[in-house]
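This report concerns only the one structure given below.
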Amino acid sequence: GMVLQEPAGAPSLSTAAGGVADATAEVQLSRLRWAVLLLFSSYSLCNAFQWIQYGSINNVFVRFYNVSAFAIDWLSMSYMLIYIPLLFPVAWLLDKRGLRLIALAGSALNAMGAWVKLGSLKPHLFPVTVLGQLICALAQVFILGMPSRIASVWFGSHEVSTACSIAVFGNQLGIAAGFLVPPVLIPNVEDVEKLAYHISIMFFMTAGVASALFILVIIVFKEKPLNPPSRAQALIQSRPTEEYSYMQSILRLLHNANFLLLMVTYGLNVGCFYALSTLLSRMVIRHYPGEEVNAGRIGLTIVLSGMVGALISGIWLDKTKTYKQTTLVVYIMSLVGMIVYTFTLSLGHLWVVFVTAGSLGFFMTGYLPLGFEFAAELTYPESEGTSSGLLNVSAQIFGIAFTIGQGQIMDHFGTKAGNLLLCSFLFLGTVMTAFIKADLRRLQANLENEQT
């Protein structure tokens, strides 16, 4: 019941779109919003850890299960593949049933997948680990579209971009842990029994954490605060439910030229990040044999610097509202970072790889919340779950294509050729970003109601 008054403006709102909608709900901020955000970030972290836990020690799992490197790559790509057909049903559920149901489903599936993996601790049980990963991939569908929705439903207009950054932050921290922890817990030993023991420790820890987070979601996670946190959110909540059609919303998004451009450019950038993350261990070990632990640390460096970039991006957007300019600058720097990384990977100095990978991660991962928030601005008052879901579908499609394409090029022509493929698509994305018009509808709604 503890609330904080949002500092500015009148509590009574009205709008003339299709008659007058009464939005007399008092605009207040709930202190519970930080607990909800932290809890979402935590189970998103756990799910992201399970995405990359195989890829970061690809060669170890190849030997343990006696399968190809491509089969282990598919454990990561399954996350991308499952997301594509299931986005629309889950986004529809998010609109119809709200945040709490989606949070419960996501955290429950995440815990279930982690427990299933515990049944795959013998080399002939690879299909069981595939099943566990598929359940975790299903959980991800209930997680990826939520950051901008949680930010809008729970946070005020002056903190919404920062909140979205923190929500994305958890996912990135999970990927960082997925790069760092498996090489430390599972040494590259010859004895299969010892290997199974080390793998079991990782699987048990993951299942325990995922289960604890699911219980916390049941206890803590609420649908929405008692009062809307911003004027824009008050207007949405005051809209009669029969006015809203999910299919009409998707059609409106697909007729929004600026959003379509952003959807493609977001997919190109994040697809490159997915491919780079999945194949990083193979790339580094090819140039620096026996450096599995350092390959994990390089992945960690990419993600940690990216988390700093994401947080700075969110705070910068809340201060300046320069969505188009910031997105374009970060995109250009992602391209520059990728080019530098491509030409320094084979120099033979690991410290150089750490520096170039860190600078690449700062901009490439820092782009994630920018895309979500820019989409929310371009598409207001459509549901943030639907717009960010479409961005994620684009990212998964490009992610699968880039991972397979770069993997094949690396096998036949080397790592430099594979990375140049990603550079060319980042260049295309940079050019397309320049053509997006900054039609900031959510910002305009807040400004108009402030004046009212």
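Quick reminder: no glycine exception, Cβ is built from N, Cα and C everywhere.
Remember, TrEMBL labels are computer predictions, not curated facts.
Quick look at what TrEMBL annotates:
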TRANSMEM  34-54  transmembrane segment
DOMAIN    36-441  domain 'Major facilitator superfamily (MFS) profile'
TRANSMEM  74-94  transmembrane segment
TRANSMEM  101-118  transmembrane segment
TRANSMEM  124-145  transmembrane segment
TRANSMEM  166-185  transmembrane segment
TRANSMEM  197-221  transmembrane segment
TRANSMEM  257-276  transmembrane segment
TRANSMEM  296-316  transmembrane segment
TRANSMEM  328-344  transmembrane segment
TRANSMEM  350-368  transmembrane segment
TRANSMEM  389-405  transmembrane segment
TRANSMEM  417-436  transmembrane segment
Highest-contact recorded stretch vs the transmembrane segment (417-436), from 34-54, 124-145, 197-221, 257-276, 389-405, CB pairs under 8 Å: 257-276
Chain residues in Cβ proximity to the transmembrane segment (296-316) (below 8 Å; excluding those fewer than six residues from its ends, i.e. six or more beyond): 52, 56-57, 161-166, 168-169, 172-173, 175-176, 178-180, 182-184, 276-277, 280-281, 284, 322, 326, 330, 353-354, 357-370, 373
Highest-contact recorded stretch vs the transmembrane segment (34-54), from 101-118, 166-185, 328-344, CB pairs under 8 Å: 166-185
Local confidence of the domain 'Major facilitator superfamily (MFS) profile' (36-441) - pLDDT mean: 86
In contact by Cβ distance (the transmembrane segment (257-276), the transmembrane segment (101-118); 3 or more pairs under 8 Å): no
For the transmembrane segment (74-94), distant same-chain residues with Cβ under 8 A (at least six beyond the ends): 51-52, 54-55, 61, 101-102, 129-130, 133-134, 136-138, 140-142, 144-146, 149, 246, 250, 274, 277-278, 383, 385-386, 389-390, 392-393, 395-397, 399-400, 403-404
Long-range environment of the transmembrane segment (124-145) - Cβ separation under 8 angstroms, sequence gap at least 6: 43-44, 47, 50-51, 54, 65, 67, 71, 75, 78-79, 81-83, 86-87, 90-91, 94, 102-103, 105-110, 112-117, 171, 384-386, 388-389, 392
Top partner of the transmembrane segment (389-405) among 166-185, 197-221, 257-276, 328-344, 350-368 - counted as Cβ pairs under 8 Å: 257-276
Residues from the same chain, set at least six apart from the ends of the transmembrane segment (166-185), whose C-beta lies under 8 A from its own: 37, 40-57, 143-144, 146-148, 150-151, 198, 201-202, 277, 280, 292-293, 295-300, 302-304, 306-307, 310-311, 314, 365, 368-369, 372
